[in-house]
């Protein structure tokens, strides 16, 4: 039990704090000059036993499938059509490969961090708080809360536009309300229900993507109703690369920059979902690395494979691609299916896209609520949001994050295309900032491990090919993308104050939050001393909960896991 003096240190909860393996965590001293709090002392708030906590209800199959398809939504199925129209098939392929590389650098880094100490309430803002500084954890947490919260109405809005594909007489506000109720309802249930619904939602998305890739392969060789071999004809006409804002090589360069920015959205906050599920996952030190390794195949097979497929199926100058208000009619897959003369399949794809939007909205609300819960656990948000049900649902955090859903009603009185692009730009900047911070957290974690003698072999997951240099590359890449996010607004024909603010408002918001906390915690160091970073508190508890990997005598016995 913590001593009275320890409990009175800044950063500690008022209640008694049990330390699972931290008897040696205070060897480096309890308190520095003034009111500076030692890094290991900060972990005290995480183990406040006055409150119920989240539960480990996500099974291995849940984790693997969420990693494969959890946040694949309308950004990939619908938004990729606009990206194709902007850059052409060559530039969208280059952009997705570049983004997949940078995201993989982030995934390998944050998995090393999260797999070492996947505590309850696990999130990148918690690790930023624990391994870098209180201010970074504070800023990251609030960034996640509002950015992920905004993505929920984005997915709801996009799903409503997809439904409009069928020209239903029902007002879109009705569909928005139905989807809101379902998404909020699923998040109000224990996490095992979230895991189960996401398992089947993600499975459907995976099967749909496999089907679309097979369809594009068949049409490539002329297997459609018209027996017309597509090949790479659209790379020839209208061409592999488009121009943007200017003509000639300058226009093609600007088209590539714009395509890079647009291609980031389908990847946004997907790696962070891995970390968040680690806090509610069974045997996270075993299952989290497995999910991360399979994430590589998701990046290559689904994202890169998707853009190769749409480059085959649809010409980049098809006017339907740029009309975001037509919902699924803007999907390059739907455009390609219609052009190939295949009847009825476009409606099937639309139904799948609606389910994808529901699934992504469900995941984003889960992430937003867990970010708020994590903020409360680390003392960066009111303790009011620590409260959980006996089933492990942080119900107050879920209720508060659900308030973002009402933003979806903006679509009722505003052009769907305007709302779509407004939300894309706003969340793009937040995604870039998040990944920059994730890379910084990874590097500080690596430094703390090095100083404290924790070798790479002791880590549950380590990618020797990509870390630590991958984190440095990711920082450079995402700083560049953050700066060019709204470069097109500086062209005289495109300039407007609202467009400029939409493209760049995320940067000053984050900096204001960070430096406001720096002023509040002015005696804290800019970063914790690597020698005093607490890499042990909670480790024994997590190791005690770990279960050995199941052994199957027959290969078909693995199939039973799907129905457990």
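Positions of Cβ are set from backbone N, Cα and C atoms, glycine also.
What TrEMBL lists as domain 'Amino acid permease/ SLC12A' is 62-523. As a whole-number mean, the pLDDT of the domain 'Amino acid permease/ SLC12A' (62-523) in this prediction is 84.
Annotation source TrEMBL lists transmembrane segment at 65-85 (among others).
For 91-119 (among others), the entry in TrEMBL reads transmembrane segment. Residues of the same chain lying 6 or more positions beyond the ends of the transmembrane segment (91-119) and with a Cβ under 8 Å from any Cβ of it are 46, 80, 83-84, 126-127, 131, 240-242, 252, 255-256, 259-260, 262-264, 267, 270-272, 274-275, 278-279, 281, 284-285, 288-289, 292, 295-296, 299-300, 303-304, 306-308, 310-311, 435, 438-439, 441-443, 445-446, 459-463, 466-468, 470-471, 473-474, 477-478, 535, 538-539, 542.
Look at TrEMBL and you will find 131-152 (among others) tagged as transmembrane segment. The list of residues near the transmembrane segment (131-152) in space but at least 6 beyond its ends in sequence, with Cβ under 8 angstroms from a Cβ of it, reads 11, 37, 39, 42, 113, 123-125, 183, 268-269, 272, 360-361, 364-365, 367-368, 371-372, 374-375, 378, 380-381, 401-405, 407-408, 423, 426-427, 430-431, 433-434, 437, 440-441, 444-445, 448, 506, 509-510, 513-514, 517-518, 521, 524-528, 533.
Annotation source TrEMBL lists transmembrane segment at 172-194 (among others).
For the transmembrane segment (206-224), the list of distant contacts is 65, 68-69, 72, 230-231, 301-302, 305-306, 308-310, 312-313, 333, 336-337, 340-342, 345, 349, 352, 356: same-chain residues at least six beyond its ends, Cβ to Cβ under 8 Å. Per TrEMBL, the feature transmembrane segment maps to 206-224 (among others).
Among the features that TrEMBL reports, transmembrane segment is placed at 253-275 (among others).
What TrEMBL lists as transmembrane segment is 295-314 (among others).
With a threshold of 8 Å between CB atoms, the same-chain residues lying at least 6 positions outside the transmembrane segment (432-449) that come near it are 102-103, 105-106, 109-110, 112-113, 116, 124, 127-128, 131-132, 136, 139-140, 143-144, 147, 264, 269, 271-272, 455, 459, 467-468, 471-472, 474-475, 478-479, 481-482, 485, 506-507, 510, 527-528, 530-531, 533, 535. Marked as transmembrane segment by TrEMBL: 432-449 (among others).
Beyond its flanks by at least six residues, the transmembrane segment (469-491) meets 98, 102, 104-106, 108-109, 244-245, 254, 257-258, 260-261, 264, 425, 428-429, 432-433, 435-436, 438-440, 442-443, 446, 463, 499-500, 502-504, 507 of its own chain at Cβ-Cβ distances under 8 Å. Per TrEMBL, transmembrane segment is recorded for 469-491 (among others).
Sequence annotations record features per position, and here TrEMBL assigns transmembrane segment to 497-516 (among others).
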